Structures are given as C-alpha cells and as structure tokens.
Amino acid sequence: MSQGNFAQFKLVLLGESAVGKSSIVHRFVKNTFDDMRESTIGAAFLTQSITLPESKTTIKFEIWDTAGQERYKSLAPMYYRNANAALCVYDITSKASLIKAQDWIKELKKQAPEGIVISLVGNKSDLTENREVEEGEVDEYIRQMTEDGSVIITSECSAKTGDGVLDIFNKIGRALPVEEAVGGNRSRQAGRRPGGVDLGRTNRQQTQSSSCC
Amino acid sequence: MISGYSSDENVEELNDHSTTQDEEDLHNILNDLIGHEHREVESTPLDFLELNIFKNEEGSQHDSDTNSILAEESAKLFFDRYIQIDKGNDEPLFHSKLKHFFILSSAGKPVYSMNGSDDIIIGYMGIITTIISTFEENMQEDIKSITVGEDVKIVALTKHELIFVAITKIGYESMSSSNNHEEDSILVNQLNNLYHYLLSILSRPTLEKNFHNRMNYDLRKVLTPLDFHNLDSLCFKMTYGLQPHGSDPIGFDYFMSQLLGSSLQNIKMTNTTRTQLNNILLSSKKLKEDKKESDKLSSFFNIKRDDEEKYIAEDLLFSFLAVSSKILSYLKPKNHNLSNEDISLLISMIESTELHEPDSGEGDLWMPLCMPQFNQNGFLYVFVKKFMLSDYIDTGHQKQCPPITIILISGNKNSFFEMQEISKYIIRKLLKHESFKLKLYKELLLSTKLSVLHDIKVPVIKHFVYKLTKTNQYIMSDIAHYNGERNINSCIQLVYFYSMLRNTKVTKVFKPQGSHKIMHPFSNKKLTYSKWNNVTGFMLCDDTFEFYCLCTEGVDSKDLISHSLKVIKWCEKNYKRLFIGNGVSF
C-alpha cells in the first residue's frame, strides 16, 4: 500500500422496478447500456473500483443490484444490513417512483446501519420532455429530511447516455469514511461476512458509529 | 449401474458385426410393418410448409412448387401469421394463431395470454370462467378437455384460484395418442409447466395468501416484465421448440425434454473428467473456513467461537455445473433429490436472466426460487456464476467453448457470501492443473455437438434421440446434422416428426419361445415406424431405453435396423460418458 490507499465498501441499489438500477450499475461497471434489459430476479452482485485523485485512494465498490419488484421486498434487509452506501433510484419521468425512493430512504434511516451514506438518484435524465419530477421538488424534500443534520447526496443521471453516472459514485466515494477504512482496515472487514460467523447488528453498529460523517 | 450394459461380454457382442438373431427379428417385424413399401422420393431440401404440418390453414400450401425464394417468403408469412406470438389488437390475426395459452383467476381476471391484447382476450376470459364454473357446479367435476370438430382441442387445468387453458389447432398436439400415454397428457403437462413457473417465483403460500385475502386479486401486479417474457418463452418452446422472436432453435432441447416426459439432457464427457468434476463439487462441500481470517474476525468482534471448525458450505444443498441447458455434474444430499421438472425450471430461469447479456460473466446472481416438487411451500436461494474457461487458456486459435455455469443452491437466504466463496474454490480447482484444464476445455468444445457422422458414423440417420429410462436422462445428436442448418425450419420439422412418432401406434415385439440368443435379459421391445414425404422415422424401445431417429428418404429397412442398433449399442457402451446418472451425493 505504498502507492495510495485502498478501501472496500458495500453499496446497495434500491428503488422501484424499471427505474434503471441495473442499467446504472452496468454503465458504471462495464460502460454498456442495453435498452432491452430484463428485470432482475433477486439480486446481482458486481464489483467496480474508482480512484479518488485528491487522496490517492482506490475504492472498490461491492455492489448489490437488487430487484425492484414488490415480491422481493422481504429480501432487501439482507442487502442493506451490511451496506456502507445506498443508492435510492427513481425515474425522473415517474412521480410514483420518487415516492417509492423516498420510502426506501425512510426505511434505511430506520433500519440500516448508522452512518450509511444515502444517495437519491434520478435516472433517465435524457427524457426531459417526459419529466414529472422537478429538481426543486427534490431539493425541498432533501431540505426537510436533512434538518436533523444528516446528509443525503442528490444527483441526476442517464444510464443511457452515461451522463452523471460516474459522478454519483465519485460523490459517494468522497462521503465514505475512507480514512477509517484504510487505517485499520476495519469497516472493510466488518462489511464482509465470512462463513458461518453471524455478525450481529450491535457489533457492526459500534464500528459504524465510530466512523465520520 | 445399468443392468448388463457394460459387462465386457456384452460390449464384445455389441461390436460384433454379424447379424444377431435380434436384429433379424426386428428386421422381419419392420418389414411386415412397412409392407415391403419402398418409395424413391425426390431429394430436395425440405420446407416445413411442404410437409403440411399445420393442416387446414389457408396459405400453408401456397407456392410450394414455385421457386425457392417464394417458398421461403411464404414460409415466413405463414410463420408470422399462424405461429409467432403477437400481443396486438388485430382480431383476425389473433384467431389465426394455431396455439393459445391463457392464465386467469377463477374470478375471470386475466393473468396471462400468449397472444392478443387485453381488449381482445377479456371477452374470452368470461366465456372460459362460465364454462368451467358450470361444469364444477353441475357435475362436481373439473373440466378437462373439449374437442371442437376435428381440429381444435381445448384443455383446462384448475389449480385452486387459477385456471390454465391451452387451445391448439396443431395436429400433432390435438390428435389423441394411440399409445399408453394418458389422453391429452402433452397439453396437460404444458399447463402444469405454466403453473409450476408461477409457483417457482411465488411459492404456494404466497399464491394462496394473495387470493385468500381478495378473490378479485390481480396477480399481474406481482409479475415482472421478465415473468411475462418467460411465460411467452415457455409457451413457445413447449409448442414449437423455438424461442419467440429468435432464430436459433435453442428451445428445442426443452421441447424434447418435455416430449420424453421431463427427461434431463446430459452432456457427453469422458468418465474420468466427469468423476473429477464430481470430486471437485464434493470437496467444495467439505470446505472449511480460512482459520486465520476468521480468528482475526472473531477476536475483533469478541465472538466466542466453538472449538470445532465451521463448514462454509453448511447451507449448501445442491450444486450443478452446467453448460447452457445441459448438466455436467450434480451434487446432492444423500436423502434428497431435485426432480427433473424442478431442474428444468431452474435451468430455464437461469437462461432467461442472460438472454440479453451473453457477457454477464462478472455479476453473481442471487435469486430466491421455489422448487415446486421439492417443496412448494418455501424458497431455496440460488447462486449463479458464469465462468469462461477459455479466458484461462492460451489456445492460440479463436475457438471458445461456452461458459460453464456454477449453480449453488442454499437453504439460507443470508448465505450469499458463503456460496460465493465456494464458487471461487470450484474455479480454483478447475484451473489448478494445466492438463485437466486443457482436457476439460477440449471436451467441452466437442460436447455440445454430438455428431451422427463423426461420433457414431451412421450416415442414413440424420438425427436421433436416446433416452435412458432408469434415470430419465437423454442425449440427442446436434440439430445441425438434420438439414445442414440449425434454423427454424429444421426445428419445426423435428418437433413435428418426433411428436408424430410418439403418437404412432407401437408394435410389441414378442420373443419367440425357445429363442436361445437373448441380448437383453429383460427385453420387452416395442417399435414403430412412420414415413412422411421424404423422411422416415423409427422408434425402438424396451424397459431400459427409448430410441428415436429420423432417416434419409428411401432408406432400406435393413439399413434402418442395423444403423439404429449401432447407435443404441454405441449409447449403451458409452453410457458412462453420456449420462450423469444420479450425480454425486454427500
């Protein structure tokens, strides 16, 4: 680790079906886009790394791309329980999908580990003529949600054109407790679940609460 | 071990080229059957329209004798009009479709229709519910099937709150089989497959609970676009052996598997290689935690650990190594098994996730799936990883073997990372020895293309299927050898011929009393024969196997028998290479 630092974080994507979670992931991981992408069954696990030039840190994201369908909802806690970051995705052409994304934020605030980096992402920014969600509306919601001092990263992107996708992951990378992770390699290991050892929530919360943000 | 198949004595006899008594007997019977018919038919590439497979449809015979470009054109027109799935609002087009599937709730709410828009189908949903409930109320009996005239057959299956209906105008589906199969069994099976698909994604309790709460429940709300896509794909491949809107007949494997009674297709592989793969799966089950890392972890979390080491694969129930839809190796617990139906559902589901991304190698999937025959009340969790062996081999040339799919099934929804660990272990093992890696690669390159010409050298046989009755597993030759092409045309023909062959009345072969030369001790042979324009179909089976083949035109009955027996003997001799048997147990 003489040349820069390395940290590993878990990230989960949540949101209504068909808002483009898998498309965002595939744009980020493989820089590809498929208009005909099928809906995800259960969840897919992928990895991708970014480098933050200012701190010379390489961040490896372990990404859970979850299915948006209601019937998989009961599985969601398994994915965000260990997550360091969450992307709540909505489709800017669907108001209903924003409400769903807000529900996820609510659930994360209640159930997810303390200190999880939450991001609200509006996808399909290329479809401006069908826009149903105005940025002002999102800003107002964020203002209310962050009155308690918490932070929610917001952004818009288009998985189709690639606009703003990498930006989201860079923003999240900067918000993550990188120093801590690099220092003791702690949160990196806390995120892992090697065989059979049940990492109880209490333990993890201790490690999480000591992180910054 | 299959009785008497692999003893040296038999192999000796199998290689014996002199005509055995059996062969002669069979030849005589076949000759009686044919009535010494010997027709020379002009040898032209066959088009499915010329076969008149789909009777009584306008246009099916058009232009068949004009030039081939026109024939191709009319085949495409016919296909689009009568076969291809269409969800549009065009009512005449809807009525021209040869096959329909409907799923609806017993309250009459449509869940799925293979063809037609909601506007078109909604009226029919009402009619179907009326007919079915009238039967139920007046006769206290579930309606099973209705035949309209000679051409249309309607089969219904009711499962609690759901009604499944198939309507077919296809001759090979609606004709009642003269064999022992239960009447309409093919269509009823198709409906059961649709039901099992819904169970696999929802499980029985979810279905029940939803409908219990509200009779008027709209099941469509919980289905994803992928589910509708999968239902389309199921309907299409069960009927035609094809994928909707695709040109590669990758649905044919599934079709044959269904036709043979949920038989499982295997892949040819030498016994040593298969044993090694089995051993890798078996050893992965015994994989233990890396002690160093877990010690670090437990001290970090102050977790008191038991002295005994933990097995990573504790929750692992079943493992598969597969190539496309064919199983290479299978690991299971001693006291449990997955049925062929469940395995085929699993494979279909995995195939459906990658239709649009053949390069999905990087992502690991984790999906809940209910295996209806294993346990319809709960979910198992399926880990799927694609692995390109070619990436690790410096082959020089461009040949790539298809990816190996690692499928690990766990009973615990939180065990993803354990399964991922096991998959990494399996890959490490596959790559560990250079010689094994290369051997596996070479065998995989060949395995998907079983050739009647190269492997077995039986020129008169264009395509064959061999099923081992005991384990209900089958192999068949590459579809490419049938017409020289793997295309829709060849596929529809094979589907038709094999369906007809299955429906043809069989002749039982009785061994004459006092016959002293008996090849198979428990021989109970049956055979049947069919001839179409320029293709001859032949089936021979006994208690241990079923053999089906299609031959070139004007084949001599003597050649037909001797070449068929040659294939059968080849299969018997190579059965360890051809079939995975019961897999390996822990």
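Here the Cβ of each residue, glycine as well, is placed from N, Cα and C on the backbone.
The region 'Disordered' annotation in TrEMBL falls on one of the ranges B:1-22, B:265-286, namely B:1-22. In the predicted model, residues of the domain 'FUZ/MON1/HPS1 third Longin' (B:461-574) average a pLDDT of 82. The DSSP breakdown of the domain 'FUZ/MON1/HPS1 second Longin' (B:315-426), given as helix, strand and coil counts, is 32 helix, 36 strand, 44 coil.
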